[in-house]
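**Q** Dumping the structure here so I can ask a few things about it.
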Amino acid sequence: MAEQHDHTHDHDHAHDHDHDHEAAASAPVKVVGEEPDLSKGTARPITVVGNPVLHRECRTVTAFDADLSALIDDMFVSMYAAAGVGLAANQIGVDAKVFVYDCPDDDNVRHIGHIVNPVLEDLPVERRTLDDGNEGCLSVPTAYAELARPDFAAVTGQDKDGNPVRVEGTGFFARCLQHETDHLNGYLYIDRLSKRDRKDALRQMAEGTASYATVAND
Ligand SMILES: [Zn+2]
């Protein structure tokens, strides 16, 4: 997933309202997870909408070996190279259910980690509060759109050694967990937009230039 889009450029009147949030955003109070060792990985170019690997369900990971570890190292480096807050394996062309993240939530907690074979938990009705928010994706470069999503998400899966893990989050991080799990099931966030908003996102992408290396579509 792409970094949060700054609304204030488009809506100056919203600036005062956002001020406290921006000030807080510069000083994370807490980190959950460990920063990866970036010397171990290599940045790979990002696949973009239209590449078949993004539009089908990825394969379940069954081998928790050195190759998986190396893939996760490359994914972290690739995510940071593209200034993303989340990255799914198919975004670097790998057909495997894994994603990585380094993403703040709305309480300014920075969450860092990876998850293999993630499954989104069904939310009880009382937790289904929708958050309006701007969403972007490294595979739809330079485009953003408003998309309502539940403000809480929990994902179960495994770590790189095959141990069971559960990750939950709120706000922007909840959005990230849903966005990345969608990727591994073959869906982009633009697939959840109205026809008109999807078209607008694709227009933004066509008019923009990615600030990172991408894989050209045939
Ligand atoms: Zn994405």
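Glycine residues also receive a Cβ, built from the backbone N, Cα and C atoms like all the rest.
I grabbed these lines from TrEMBL:
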type	residues	note
ACT_SITE	Glu180	active site
BINDING	Cys137, His179, His183	Fe cation binding site
COMPBIAS	1-23	compositional bias 'Basic and acidic residues'
REGION	1-26	region 'Disordered'
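So where do these features actually land, and what's packed around them?
**A** The Cβ neighbour count for Glu180 (active site), using a 10 Å radius over every protein chain in view, is 26.
DSSP assigns His183 (Fe cation binding site) to a helix. Every protein chain shown contributes to the tally, and the Cβ of His183 (Fe cation binding site) ends up with 25 other Cβ atoms within 10 Å.
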**Q** How many Å separate the Cα atoms of Cys137 (Fe cation binding site) and Glu180 (active site)?
**A** 10
